[in-house]
Amino acid sequence: MNGGAERAMRSLPSLGGLALLCCAAAAAASTASAGNVTGGGGAEGQVVPSPSPGLRDQASSPFPKTAAPTAQAPRTGPPRTTVRKTGATTPSAGSPEIIPPLRTSAQPAATPFPALDLSPATPSEDGHTPTTESPPSRPAPTTLASTVGQPPTTSVVTTAQASSTPGTPTAESPDRSSNSSGVPPTAPVTEAPTSPPPEHMCNCSEVGSLDVKRCNQTTGQCDCHVGYQGLHCDTCKEGFYLNHTVGLCLPCHCSPHGAVSILCNSSGNCQCKVGVTGSMCDKCQDGHYGFGKTGCLPCQCNNRSDSCDVHTGACLNCQENSKGEHCEECKEGFYPSPDAAKQCHRCPCSAVTSTGNCTIESGELEPTCDQCKDGYTGQNCNKCENGYYNSDSICTQCECHGHVDPIKTPKICKPESGECINCLHNTTGFWCEKCLEGYVRDLQRNCIKQEVIVPTPEGSTILVSNASLTTSVPTPVINSTFAPTTLQTIFAVSSSENSTSALADVSWTQFNIIILTVIIIVVVLLMGFVGAVYMYREYQNRKLNAPFWTIELKEDNISFSSYHDSIPNADVSGLLEDDANEVAPNGQLTLTTPIHNYKA
């Protein structure tokens with residue numbers, strides 16, 4: 001019996017008190033065996049008696065009470081009582097001591113003893129005994145009231161001892177001191193063994209886990225690296241993919257703006273929105289621009305280009321003769337059609353007559369050339385302007401030498417030929433290059449009237465224009481001898497002036513004719529000379545062309561042939577010394593003498 005029990009026993013005044021105490025302990029043990037035995041968490045069983053309300057109202061016991069044990073699930077089978085103790089030895093520390101069960105004979109109690117405070121406790125893992133209240137379904141233990149009228153001064157606490165090894169039941173033998181007192185010990189009760197908690201095999205991935213040997217012993221969950229998931233950290237998280245080259249889970253890095261989700265395939269390619277491309281969906285496809293929160297926008301090129309700048313959206317490589325940021329304009333030299341299609345057509349403007357560009361106004365069907373060159377006019381710059389005429393489809397300026405008034409005659413010259421119209425300043429001719437009859441050019445190239453000095457009968461002179469001289473005849477004066485002389489002089493001057501004017505008019509034409517005649521004569525003479533030389537050479541060739549003969553020796557004759565066709569019947573009699581040889585009709589000579597008699 002431990003020290004606490006011994007002190008309690010010594011406090012009893014007599015052996016009768018000891019007997020009454022034994023009876024009370026036996027009654028308490030009998031009550032505990034009736035249904036107050038509980039198992040503690042698979043580690044040890046404990047007796048949980050619940051004190052009656054009467055005992056709770058009594059004065060406190062000199063022994064320190066332990067806290068109520070933690071509620072445990074009831075065991076199946078016959079109830080057993082196990083008495084255990086904790087590692088503590090002093091009551092002041094709150095650790096219970098071993099009190100072996102006492103078996104006594106059933107004796108009716110004359111007077112009730114003070115109620116025993118039976119507070120079994122289950123030790124916790126740290127060595128202290130936690131307390132718990134008994135379940136309400138369990139009956140309260142039997143208490144014995146004292147026969148004496150004095151309040152009790154002591155109480156007996158039944159405790160349980162925690163085994164040295166959790167979960168291993170041990171049988172305690174009764175204390176020898178109890179045997180010396182004559183109380184038989186209670187048979188030891190052993191607790192049924194309980195199964196230990198299951199231990200999980202971690203089996204963590206060497207690549208995906210932080211530690212292959214460390215995991216949660218309850219769930220088996222391993223500690224994973226970033227990007228790995230699963231019980232064993234053997235799969236990739238969302239937003240990661242397994243790179244088969246390195247065998248690791250790598251992040252997808254899908255763009256939140258261009259990708260449909262954060263997921264990617266086994267190659268690391270994200271699923272892109274419409275108009276977005278790239279393995280991470282972070283750039284625009286051809287034909288799209290403006291990568292942003294909504295993805296990419298299609299290029300606005302009026303169906304004239306398939307590509308544009310990925311940042312600004314400016315169209316590139318505009319087709320169909322168009323230009324502009326969105327291919328909405330026509331190139332230089334083209335104009336948009338008046339219909340809804342707005343197709344670009346070439347301007348009907350020649351680059352020779354205009355700048356080549358044109359415009360079309362709203363509501364018009366034909367374009368107008370922007371700017372015509374000098375000398376051209378019209379909607380398409382295909383007409384000659386006033387003061388110009390058409391010379392081989394080119395507008396050439398009229399050459400009237402300033403003798404046509406452009407105000408009175410805007411055209412100045414005829415558009416089809418260039419002949420000047422309404423020559424002024426006493427001029428005439430195709431280009432107004434001649435002076436009228438009776439006019440001559442002065443030093444400034446102006447046509448002025450020609451004047452001559454005419455003597456009068458009084459001995460004075462007067463200035464008379466050439467025109468008046470040719471049209472008027474002076475009246476004979478008193479001096480008849482002077483009159484013929486005067487008339488002769490006047491007419492002589494007039495005739496000389498007229499001849500000079502006529503010579504000036506005809507000289508250029510005659511000069512041209514003379515030059516042409518000389519050229520023709522020279523050409524004819526050269527042709528005659530060449531023909532004469534050719535005839536002479538032919539004659540010499542015919543004269544010197546002698547016949548050439550070839551002689552072929554055969555067995556009994558000599559054959560010859562001429563290489564000149566102009567002598568078909570040449571005389572070959574001189575080829576042989578013997579004149580008696582006859583010439584065969586076929587050109588063969590018959591030999592009448594031995595072969596050594598002729599000469600080659």
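Note that Cβ sites are derived from N, Cα and C of the backbone, with glycine treated the same way.
Within the set Asn303, Asn557, Swiss-Prot records N-linked glycosylation site at Asn303.
Of the listed cysteines (Cys432, Cys447), only Cys447 is recorded by Swiss-Prot as the disulfide partner of Cys435. Looking up Cys264 in Swiss-Prot gives a disulphide bond to a cysteine among Cys252, Cys272, identified as Cys252.
Applying DSSP to the domain 'Laminin EGF-like 1' (202-251) sorts its residues as follows: 0 helix, 16 strand, 34 coil. Asn243 (N-linked glycosylation site) and Asn303 (N-linked glycosylation site) have their C-alpha atoms 42 Å apart, to the nearest angstrom. The Cβ of Asn357 (N-linked glycosylation site) has 18 neighbouring Cβ atoms from other residues within 10 Å, across all protein chains displayed. Between the CA atoms of Asn303 (N-linked glycosylation site) and Asn216 (N-linked glycosylation site) there is a gap of 64 Å. In sequence order, Tyr241, Gln271 constitute the residues six or more apart from Asn265 (N-linked glycosylation site) in its chain with CB-CB distances below 8 Å.
The sparsest Cβ neighbourhood within 10 Å, among the listed glycosylation sites (Asn216, Asn243, Asn303), is found at Asn303.
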